[in-house]
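Asks: For reference, the structure I am asking about is given below.
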Amino acid sequence: MSSISGFLGAIPGAQQILQTMAGSLGLAPLSHPEIASSGSTFQQCGKLELSCQTSYHGQDTCCFNYPGGQMLQTQFWDADPAVGPENSWTIHGLWPDHCNGGFDQFCDSHRKYSNISLILIDAGRRDLLDEMSTYWKDYRGDDPNLWEHEWNKHGTCVSTLETHCYSEYYPQQEVVDYFDKTVELFHDLPTYMTLANAGIVPSYTQTYTRHEVEDALSKAHGATVTVRCRSQRLQEVWYFFNVEGPLQTGKFVPSEPDGQTSNCPAKGIIYQPKTPNKDPGHGHEPTKTRHPHGPTGAPFIGKGNLVVSTMGQQRGCIIGRGTWYSSGTCADFRAKRASGDTFTLSSRKGPCAFKDDIFTCGSYISSPAEFSAEDGKLSYHGNTTFFADKAPKGKVQSDIFVSEADHPIELSIAWRG
């Protein structure tokens with residue numbers, strides 16, 4: 001499976017093919033120093049002006065961010081459930097606020113995309129996708145949905161990312177630029193390290209004041225930051241910038257908040273660790289999904305549904321052909337004892353198995369897979385964790401994979417009899 005993924009990843013995407021064609025026609029190659037933006041030509045700008053510090057008087061909005069001239073790079077600290085590396089915050093987004101604190105949203109329905117991963121791969125930016133898979137995380141386990149939401153709600157409202165701002169435009173190039181700049185800014189703002197250097201580290205016993213947290217982050221940023229809490233728990237930080245020039249190539253200058261204020265209490269802020277508390281008195285136990293010594297529950301028997309959950313939240317079910325679906329009616333499956341504590345599954349379409357790593361049910365399946373049950377979850381070869389590329393949405397279905405490979409969403413499957 002990994003070799004196939006590697007082969008597919010090496011196939012040039014549409015954008016790369018267009019770029020090669022441009023070179024063969026005598027156009028400027030993409031490595032040309034005058035080409036500004038991540039592989040395509042961004043229009044030339046004259047005198048660059050700093051957004052929000054300069055009033056709008058008819059400037060070219062391909063070179064001057066307006067009306068969204070106050071850029072917020074926002075970061076999450078999700079500890080329960082734990083999301084992302086234990087020694088790093090994660091990305092929420094990059095938001096183009098108005099200079100007075102207002103904002104626009106969902107600004108261009110014609111550029112509403114639901115395939116961010118494919119856009120990045122097609123642009124030859126698997127490196128960027130890998131970074132996002134590590135640091136741009138959704139607490140519900142649906143990273144692609146968060147990426148889509150951030151682009152559609154906020155990215156489409158950045159004036160300098162309009163398609164006409166590119167003199168040599170390649171499809172979805174502005175999408176790549178948006179995510180590339182957001183990840184770049186995130187790495188320039190190492191919140192975890194900044195707090196740790198000030199003696200502020202995740203703890204189950206130590207609490208902090210709002211002044212301590214804000215002071216450490218604001219000094220490092222060069223301007224006041226906004227911190228957000230939920231039930232006294234530190235959860236989010238917002239960094240504010242004005243931009244001199246376009247988002248793609250402009251200079252991001254730290255700025256004061258645009259009216260947004262911190263909501264954390266003055267004292268008693270909890271910075272909860274992402275790692276489980278080893279003190280049994282707090283009731284935090286690591287999640288266990290593997291049971292190498294065999295099944296730990298009664299096998300599924302009879303007629304029932306296969307319900308899918310991500311991050312402990314129910315998110316649809318499996319339908320007859322074996323795909324994950326979040327709308328409509330769950331398919332009925334029959335569980336039949338195979339040997340010992342194992343069983344097979346079948347739907348109206350036929351027996352079920354993992355064919356080419358994908359959960360599939362159909363009359364062409366000659367050797368049904370044998371499953372077991374562990375803590376009420378479906379288990380295959382001792383593992384209750386399965387994987388998907390993307391959570392289903394509307395009428396869109398998703399395949400379920402047995403191996404992790406390049407499938408970022410983790411899920412579990414329970415039996416509902």
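Just so you know, the numbers here start at 1 and follow the chain as drawn.
Cβ atoms are placed via backbone N, Cα and C, with glycine included.
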Asks: Swiss-Prot annotation: C52 disulfide-bonded to which of C99, C107, C157, C165?
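Replies: According to Swiss-Prot, the disulfide partner of C52 among C99, C107, C157, C165 is C99.
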Asks: Of the listed cysteines C107, C229, which one does Swiss-Prot record as disulfide-linked to C157?
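Replies: The record-listed partner cysteine is C107.
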Asks: Do you know which of C62, C63 Swiss-Prot records in a disulfide with C45?
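Replies: It is C63, per the disulfide annotation in Swiss-Prot.
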Asks: Which cysteine out of C62, C317, C330 is the one Swiss-Prot pairs with C165 in a disulfide?
Replies: C62
Asks: From the candidates C264, C317, select the one that Swiss-Prot records as forming a disulfide bond with C229.
Replies: C264
Asks: Would you say which of the disulfide-bonded residues C45, C99, C229, C264 has the most Cβ atoms within 10 Å of its own Cβ?
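Replies: Output for this query is C264.
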Asks: Looking at the active-site residues H92, E150, H154, which has the shortest Cα distance to C229 (disulfide bond)?
Replies: H92
Asks: For C62 (disulfide bond), which residues in the same chain are close in space, meaning a Cβ under 8 Å from its Cβ, but six or more apart along the sequence?
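Replies: Sequence-distant Cβ neighbours: Q43, C45, S159, T160, E162, H164, C165, P246.
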